[in-house]
Amino acid sequence: MEPRVITYTKNVFLPLTSVCRNRCGYCSFRTPVQEGCVMLPEEVEAVLAQGQAAGCTEALFTFGEHPEEEEGFRAYLEKTGYDTILDYCEAMCRLALRYGILPHTNAGILTYDEMKRLRPTNASMGLMLETTARIPAHQGSKGKEPEVRLAMMEDAGRLKIPFTTGLLLGIGETAAGREDSLIAIRDIHKKYGHIQEIILQNFCPKNNTPMAAFRVPDTQEICNTILMARRILPEEISIQVAPNLIDASRLIGCGVSDLGGISPVTIDYVNPEHPWPAFNDLKKIVGDATLQERLCIYPRFIRPGWYDPGLQPLINRLNQRISRGSSQP
């Protein structure tokens, strides 16, 4: 019997802005329009330089959804020298490529044309489905309408973009709702074959949010959801948990196959109170399994060419580099 392989990526986290049109009850990432709400180009470049020196292969670009809808945001965006957040994101993705790091953008709801525009500079993209249920946590958050998120996932499939999605567990959904969400992901993947992985992320309450006192799902509940996902989803879709948010060592046996992006350079800006595990601790987390670094584009998508031809030299070079290296970080 072959040993199990647990994968991870080495990344830098680049939150281009914390301004967002949504008002999710569990989120502390979103901030008002204020000084420092936009990451400036020189700040992005400094992080990319550190990431290059640390051997990072992924630049995770995130920003609040449709920040231009928030009054006063454009005045701060102008300081970057770009007219729209999409212009800025595209330019910073190109900058990441010049540093030899593959971009992965997760920016909330994007249209078909917006994703098509970003595709040449992104090895993969993502959007958390979170849930197909309508829940109080998403009141005032039009970007969290399930139909809108599912439609974007379909558009990504039509564009042949390797895609990451997932569920946020413990925000008011039920076990039946989780099953419905997993089935929806499975059905979209059956049509397009583009889902690389799903993240099963446990809710972590944040101070000074409406859901600060919500119950946190326990490890057994997360394990049951992982088992459900493994039963519903095709084997080629990896199941990821975040090792800074939960004791991943207790979930490896439930069917987890990936630990996601872990950074030697940047914090988890969405969950800043939860530091990444040290790279030397990852082997302890996976136990008897084999730990293997990967790129943000999974190997099975490299061979068929699910990316812009302009990315091929860098993808091949980075893939060869991590393939030659040890499974140790």
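Cβ from N, Cα, C; glycine included.
Listed in Swiss-Prot:
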| type | residues | note |
| --- | --- | --- |
| BINDING | Cys20, Cys24, Cys27 | [4Fe-4S] cluster binding site |
| DOMAIN | 6-244 | domain 'Radical SAM core' |
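Sitting within 8 Å of the Cβ centre of Cys20, Cys24, Cys27, and not among those site residues for [4Fe-4S] cluster, are the Cβ atoms of Asn22, Arg23, Tyr26, Phe29, Arg30, Gly64, Ser141.
Cβ neighbour count for Cys27 ([4Fe-4S] cluster binding site): 18 (other Cβ atoms within 10 Å of its Cβ, all protein chains included). Under DSSP, Cys27 ([4Fe-4S] cluster binding site) is assigned to coil, being neither helix nor strand in the three-state scheme.
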